[in-house]
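K.L.:
This is the feature table in TrEMBL:
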DISULFID  C743-C760  disulfide bond
DISULFID  C762-C771  disulfide bond
DOMAIN    732-772  domain 'EGF-like'
TRANSMEM  836-860  transmembrane segment
Amino acid sequence: AFYEFQLVVCDDPNRFCAEKNAEFVSVYRTWLKTSPASVPETSVTNSAMPASNTSNILLKSQTFANVQYRWVQLSPPGSDLLKPNNILSSALSNSLVLRSGLLLDSTSYTMRVYAHSSTSNALDDVANCMSCGWAQVQFDSMSAIRGGLIQASPGFGVSAQTTFSFSTESWMTHSSFNQDDLPLSYSFYYESDGVRKYLSAGSYSPSVASSLSGGDVSTTCSQTATCRTKTIFVSASYSTEVPLVIPSVTVELSLSDLNNAKSLIESQLVTVLKYHKGALVGQFASTTCVLADFMNDKSINWEFFSVGLDYKKGVRDQLSTLLSNTVQNSLPIQPALALQLVGTLSAITGAATELSTASISSCFLSLRQITTSVIAMSREGSSIVSIKEFEDHVTFVSSQFLQARSVLLSQVRGSTGFDNAAQSKRIRSALPQSKALSTSTLLQLQDNSGLDIITSLNLLSELSVLGFTPGQVAARTSSSDFLMETSVHDAANLAGMSYTLSRAWSGCATCIYISAQLQVTFPSTLQMTGIFQIQRAMVMNNPFDVGQTQLSCINSKLQSLWSSALVYLPADNAGNLYQDRVRKDVMKYGFDSCEILSPVYVINVRPDPTSTYLDSVVSDSPLEFVLSFDPKKNLEVSSGVSDPFTGVSSTASCVRFDTATGKWSTNDIEHIEANFGFENGTGAYVKCRSKKLGIFAVSEVPSDCKKQTLGKQVNDECGVCGGDNSACSGCDGMPNTGRTKACSGHGRCSSEAVVSDRKCICDTNYHGITCHVTCSRDLNCSQHGDCLVTTLAPLSMETDSKCVCDPNYQPISNITGLRPVATCEKIPTKAKFSPAVWWFLLVGVPVISVGLLLLSFLGWRSRQASLQVKSLQKEVVQLKDRDLSLIQSTKHFLPDRMEVEADLCQVAVQPGNHIPAVMRIQSSRSAAEDVSDEVNRPMLQESDESSASIVGEWDKEEEGGLHAKYGSIYKLRQQGTGLQARVPNLDSEDRSAS
């Protein structure tokens with residue numbers, strides 16, 4: 001705006017001072033220009049649809065930084081929707097959330113929001129605020145739907161076999177609404193496991209046909225003594241509107257012939273496959289739901305009817321795979337269909353003990369896709385049928401995931417899968433190849449089952465705050481397996497905010513219940529702007545495998561004895577050794593994966609409205625966590641026992657699940673303290689700090705030998721905490737070798753730069769690798785030699801000791817290695833020989849020796865000859881004696897004497913004669929005397945043993961024989977000494993006769 005100001009000055013005060021009297025008036029003019037008022041531009045989102053009285057009402061204006069807001073109600077008169085108890089947000093925020101059930105039937109409401117860009121109190125009087133921007137919105141409340149009937153045909157049937165038809169009619173609405181413009185949609189459902197499961201959802205058809213299963217046992221049946229009753233409800237709505245009164249009808253079910261239970265299940269599977277193949281999603285969902293609920297009946301002893309656990313697991317594997325494929329093919333999913341599919345998912349997961357890892361993975365994939373689709377449509381402005389009901393389904397399914405995962409982790413890992421090859425083949429052939437899940441994808445999902453379960457809770461958290469505004473009361477969801485709160489805050493109010501969750505929890509079957517508590521405090525200053533969703537959750541059962549940790553802790557049940565290597569040690573100072581171990585029989589504990597000691601805590605921050613999760617807070621300071629745990633859950637933590645070998649013990653600290661590695665880790669966490677509470681384990685907590693967000697827990701962690709949590713100090717090989725092995729190592733730094741830095745007290749270590757090169761420098765008279773051998777000139781070598789000690793191998797205790805004696809001295813023993821070493825003794829002095837003696841020894845002694853040998857030989861030969869002569873003489877005497885005996889026997893015809901001439905110097909055999917001469921008896925009578933033939937016989941016959949050498953043929957054969965028999969005589973003859981028989985002087989006749 002432009003403003004003009006003028007000043008008129010008159011010189012006559014008695015005259016009218018006006019500009020027209022110019023002669024005595026002076027005028028001064030000036031202009032002022034004001035800048036435009038800073039009025040925020042404001043608008044409110046308006047929905048053309050009537051407001052439902054059964055859901056919260058959200059009115060949202062544009063958001064600007066540094067702008068203050070205030071909501072006021074303009075109409076209808078007498079209505080006050082802005083009472084504090086009616087508002088879920090704040091009347092001073094840009095968005096207004098009103099509780100459900102506040103609207104009058106078929107009434108128009110007008111709401112206005114004022115905005116001001118300063119921090120003054122201008123909004124306290126909005127009627128006179130000239131610089132306030134404003135916007136208003138008018139909406140009408142929808143008329144409640146009334147009446148309605150439902151009919152069922154037949155009223156009695158067989159569970160999982162009979163097809164029932166349900167129809168509805170006679171629904172009424174307020175006359176101000178045109179039913180043709182807003183056609184009704186119908187949903188038929190029943191309640192099971194605390195959630196609704198739909199036969200049809202959001203359908204414009206007022207009828208549906210389906211089989212039923214389950215139900216409540218009743219004894220007041222119309223056709224049988226006992227039966228099951230099943231109540232079917234129907235609702236009609238205008239898009240989001242739900243009737244105030246929901247009609248229902250109850251039918252009776254009798255149990256099927258359970259002896260054919262498998263055949264019945266197979267028959268239902270065929271129907272499921274038919275609907276799946278025909279892309280009839282609604283019929284597929286309802287039929288699958290009925291079959292799953294049939295198997296969920298806990299009153300039936302399935303094992304008795306040959307329907308085992310493995311078989312039922314296989315069927316659920318099939319159903320979960322088919323559902324996952326159906327959801328994938330149906331994207332994007334409309335709200336009503338999403339509600340029906342998530343109900344089917346609740347039925348498939350209805351028996352946690354029958355879910356395999358593959359089933360969990362497939363069901364999680366379906367849950368994620370359905371929930372993500374619903375969240376996306378809601379953020380785009382679509383109205384979702386009963387978002388609270390959808391939350392109930394996600395809560396139930398997530399809880400079933402946790403229970404199933406807990407069962408699987410307590411059993412041997414792995415699942416049965418399909419019951420037989422035929423079923424597997426049929427299911428795979430029914431899946432479209434373009435959308436079927438690959439085996440590798442399923443395996444990858446199985447490996448991430450624990451993380452998938454946490455993700456399902458994250459999705460539930462996002463659902464619970466759809467449409468929330470900053471400052472609105474936190475959404476709280478829970479089951480027996482988890483507790484979660486989610487709230488929405490702007491960054492300014494988030495700084496310094498502290499959140500607390502608390503719930504009774506027992507960590508093991510024998511553990512008492514403690515009050516598990518999560519407390520997280522944000523830093524007082526944040527470099528963050530905008531609006532954020534703050535999720536905090538407590539998961540009672542750890543969904544992660546025990547091996548999913550980067551930490552190793554002691555296990556006192558894994559015990560062994562450790563000893564150092566066998567080495568040689570000095571037995572004395574003389575070099576004697578014995579074998580032993582420096583350290584032996586030290587108790588040593590094994591190591592195992594550290595155990596989680598608390599519930600799993602989840603802290604997430606998401607910019608609103610997105611599904612983007614911050615990895616950490618943007619601040620110079622970290623968040624502070626206080627997390628409860630139960631020390632009695634782990635023996636090593638509660639007892640404080642330490643490993644005797646390493647000195648490591650166990651304590652408790654915060655850990656964070658690293659989604660990149662799939663393991664618990666202490667990275668980016670600062671440990672503050674661990675309080676172990678009371679003796680029974682209650683009141684225990686750990687406090688830590690971290691800028692990181694995500695999944696946290698209290699875990700058993702190693703404490704070093706100095707009792708520092710996550711410290712690095714351990715006992716060295718000498719048993720010294722934080723030592724460097726120097727207490728039991730030698731100069732070379734090698735521990736437990738028997739070598740010491742003291743060098744047996746008789747030396748010192750050298751000072752090489754490289755430790756491994758250092759060795760003992762021994763004092764005088766000390767030797768060996770550790771100066772453990774005493775050897776000196778005086779003590780060991782009789783002062784006449786030097787002691788030499790040799791090490792047999794590098795770094796070896798074994799030595800070889802000996803005395804190197806002085807000249808003219810020698811060791812007492814030449815054997816080395818004696819303990820103690822051999823001493824030296826003087827070598828005896830030897831006389832010196834003259835040259836004559838040397839020549840005598842060199843020449844004379846050999847000559848004399850030869851002469852003596854020759855004389856000895858000649859003497860021996862003479863003796864031999866003398867012996868032979870004596871022997872021959874003896875034989876002659878024997879012959880003579882024999883002859884005498886013959887003479888005695890022939891005295892009557894022989895002369896009185898007989899002569900035998902023997903020439904001992906002649907050979908008995910003349911050369912050239914073949915036949916030797918024969919001795920004959922020379923008679924002493926005259927030739928004239930008559931001598932008989934007997935006298936004329938040879939004196940020696942061939943048969944006489946004594947004549948064998950001179951009688952008979954003279955040939956070589958007889959020569960050998962004679963030599964053998966009469967060796968002495970014959971040899972004497974051969975050598976030139978023998979008998980020579982002189983032929984008696986007989987006449988020629990006698991000789992010829994002889």
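Placement of Cβ uses the backbone N, Cα and C atoms for every residue, glycine included.
Can you walk me through where each of these features ends up in the structure?
P.N.:
The Cβ of C760 (disulfide bond) lies under 8 Å from the Cβ of G730, C731, R739, C743, G747, R748, C749, S750, I769, T770, C771, each of which sits 6+ residues away along the same chain.
Just so you know, the Cβ of C762 (disulfide bond) picks up 20 other Cβ atoms within 10 Å once every protein chain is counted.
On the 0 to 100 pLDDT scale, the domain 'EGF-like' (732-772) averages 92 in the predicted structure.
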K.L.:
Can you work out which residues elsewhere in the same chain, 6+ from the ends of the domain 'EGF-like' (732-772), have a Cβ less than 8 Å from its Cβ atoms?
P.N.:
564-565, 567-570, 573, 575, 581-583, 716-718, 725-726, 779, 787, 789, 791, 795-797, 799, 801
